[in-house]
Amino acid sequence: MAAKEVRFSDDARHRMLAGVNILADAVKQTLGPKGRNVVLEKSFGAPVVTKDGVSVAKEIELKDKFENMGAQMVKEVASKTSDVAGDGTTTATVLAQAIVREGLKSVAAGANPMDIKRGIDQAVGVVVEELKKLSKPCTDSKAIAQVGTISANSDESIGQIIAQAMDTVGKEGVITVEEGSGLQNELDVVEGMQFDRGYLSPYFINKQDTMGVELENPYVLLHDKKISSIRDLLPVLEKTAKAGRSLLIIAEDVDGEALATLVVNNMRGILKVCAVKAPGFGDRRKAMLEDIAILTGGQVISEELGLSLEKVELTDLGQAKKIQINKETTTIVDGAGSADAIKARVEQIRKQIEDTTSDYDREKLQERVAKLAGGVAVIKVGAATEVEMKEKKARVEDALHATRAAVEEGIVPGGGVALIRAQQALKTLEGKNHDQTVGIAILRRAIEEPLRQIVANAGEEPSVVLAKVQEGTGTFGYNAGTAEYGDMIEMGILDPTKVTRSALQNAASVAGLMLTTEAMVAEMPKKEKGGMPAGGGMDDMM
């Protein structure tokens, strides 16, 4: 086991603060509408230029092990806030730095770190309650566009396209972000249910111009097992042909003579048919087949339910107005399922979303809700260069998270104003002892920092602007983008309540841990082995 180096009390905390300052000073340059750029070196390819705080934080690793521990703890604040709310990473970093910096001054002056932490936690609780009171619901597309614009570093086109996507697929709909091929951002909306499985054979193609399959008014056969024998399928094929309708088969797999027979029938024009694999795997596949069954008003033909392919009736099959299939996806438009059954299924999945603890499961369940309830929107990000594309895509993803957070918990005035208004509640708040009251004062000072930094990045004097904003009430604040004072909501400068709340809670949590740190342990740096000594007579040549 390698030897360790141990640092205690003030020495440990000051080394940690040095790391916090290096990371936070780099990240906070990006805050606000006039945030500066940070250039990140890449081991290959062009450097990346970004105004995204979390991207900057992720790049920072320090040589000194103790300083690096401080930097990594603040990095945790940024990434945790990003995970929970999708934005607010820079605000969280600025708050964490301010709390740690002010807190360590008090600890060095002899205050009890545990009491300071209790005071900070008490103050955070009060500020969070104030933010909830300030919060207004975010329902109209104008407010959604404004939130998206602010989060995407004041890029209006991004805010507009996100609002448009939410309008189209609803608040529950799935919105994904992809790299586009043009210079402009584009919005593609997929109506109906789409899943990632394409045709099993190119011989099913009946639309040469799109290289896809289009089935009008088809029946849908759903089966949870592999189909290899044509004997199993014959009864269904005969009944469908007699009805003069097309057929889509969705099964675990279709191969062998079954697939060959379907292809031959399709090519000869005896029966318009197509086969695709069922989406998902394992239990998720069963659930998704059940979703498709409810959407199309059919039944999953499963031996577990005592149903077999040979005994299938037309009433067991699902129906849809139109189904489009290409090499990679299948889209079911206007399924014949009853609205009540679909609604009940959506409610059932929503209950599962509430109960699940896994982020991955939650995401997959939300996708299923969207496919049943609304649709899927794809935002294709356009840019001139690869570097710009990556940076823009990251901003669109941030903005999308922020708008979802706004819809969830509402909005507060942006530009650091909400925290200044919540500061009023801390003026009369006192702790159980002097040191706890010091903790409350530390937080009261720290929550001014986001506004100060936004103003500093815009090249103005922070103290002057702060005093003017504190004189005002309600949504009165400072627009750093235009250097004007006014109503922040009217000017469209909004922050999701969830983002501001998460940033404050995460910053205070990690800062509290740092203030109460008494020892730090790190591996000793390895001594570099010297090179070979110079050979005889080499000195003169050096």
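Glycine is no exception: its Cβ is also placed from the backbone N, Cα and C atoms.
Here is what Swiss-Prot records for this protein:
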BINDING   T30, L31, G32, P33, K51, D87, G88, T89, T90, T91, G415, D495  ATP binding site
Number of Cβ atoms other than its own within 10 Å, given for T90 (ATP binding site): 28
G32, G88, G415 as binding-site residues, winner by CB count within 10 A: G88
Max pairwise CA distance, angstrom, over record-listed ATP binders T30, L31, G32, P33, K51, D87, G88, T89, T90, T91, G415, D495: 17
